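Following: one structure in structure tokens, then a few remarks.
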């Protein structure tokens, strides 16, 4: 059996790259945000706003992703700030994933701007793994307009680690025989799953590099760090048997989730993500003629702690607004609005083909209006694209899009 070949694709400064690409390729603007000191950050609440993405020129001023916008402006008074456009980001992400699936059917999306691709057995089509990686990176740049870094290896973890070695627009490998040379000299905090708390514990043990961790006794690490200690020891030695999974296991319901490369810390942003998720879930349900009587919201904090809650709905529905309002109610119970979030998801269960509604006379007209609205939106988007119509609540995030379809990102009319 041929050794597996896994690619990890990571968009370079995704939010800023996608914003710049859209402005240049769709709106026809001459200024490319990637060539000047610029960041993506909300200016609605400057006191709480953080930098979501930065350009390379901004990085030279010491600006960091995740720092307060005010601090970034202090470092660079002439800093350009672009508002985040979450609808645009989802369109760009979809365009990338669609392109990757033309290269291999086995694509696993890890976050909005990251994915693994199983390239095993494609050498006759695309050449050696490194040549194929360079070809794919160039194709993405030419067709979609932004750069990616690609890590190449025999498993998912090593591929992800390899992609971090050269940015932007890099194609780098860490095959098993390259671990000692390329992986082990790196600081231990660079290893996947080694967070700040684990890093401090490892440093107290005198472990500062991945190589030192790899050469420790796994029994000792398990005693000190429990199961997590043994897990990171395997990762430090390049061991990962997890296969790239093209699809999630089949579920008796409809769901969607979004992993963000930044911490969600305010209710407005969390609700905006939920609205996007509810729109896609509800549209799929209507397409299949299904309605659901149960809504669930699942979250994952910045420390990977899972949170989940579900509730029954008064009646089965596939109406976007009804699902969204129910999801927001669950979110209000589930989240303290202080713990940073990195993933939000919506799940609709107890589905059936025929909706069973118990409306009062006053509810009936409103429900019929909402259903007609969804039907009209589905028809228009089906003909002209997902971004042909936008809800008023999304306009703050859309700004200058003016309803245009982002064809530059692979979403065609």
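Note that Cβ sites are derived from N, Cα and C of the backbone, with glycine treated the same way.
What TrEMBL records for this protein:
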type: DOMAIN; residues: 6-195; note: domain 'UmuC'
type: BINDING; residues: 10, 113; note: Mg(2+) binding site
type: SITE; residues: 15; note: site 'Substrate discrimination'
type: ACT_SITE; residues: 114; note: active site
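Recorded features from TrEMBL, shown on the structure.
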residue: 10; record: Mg(2+) binding site; Cβ neighbours (10 Å): 21
residue: 15; record: site 'Substrate discrimination'; Cβ neighbours (10 Å): 28
residue: 113; record: Mg(2+) binding site; Cβ neighbours (10 Å): 25
residue: 114; record: active site; Cβ neighbours (10 Å): 20
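Residue 10 (Mg(2+) binding site) sits 5 Å from the residue listed as 'active site', counting Cα to Cα. Secondary structure from DSSP puts residue 10 (Mg(2+) binding site) in a beta strand. For residue 15 (site 'Substrate discrimination') paired with residue 113 (Mg(2+) binding site), the C-alpha to C-alpha distance reads 9 Å.
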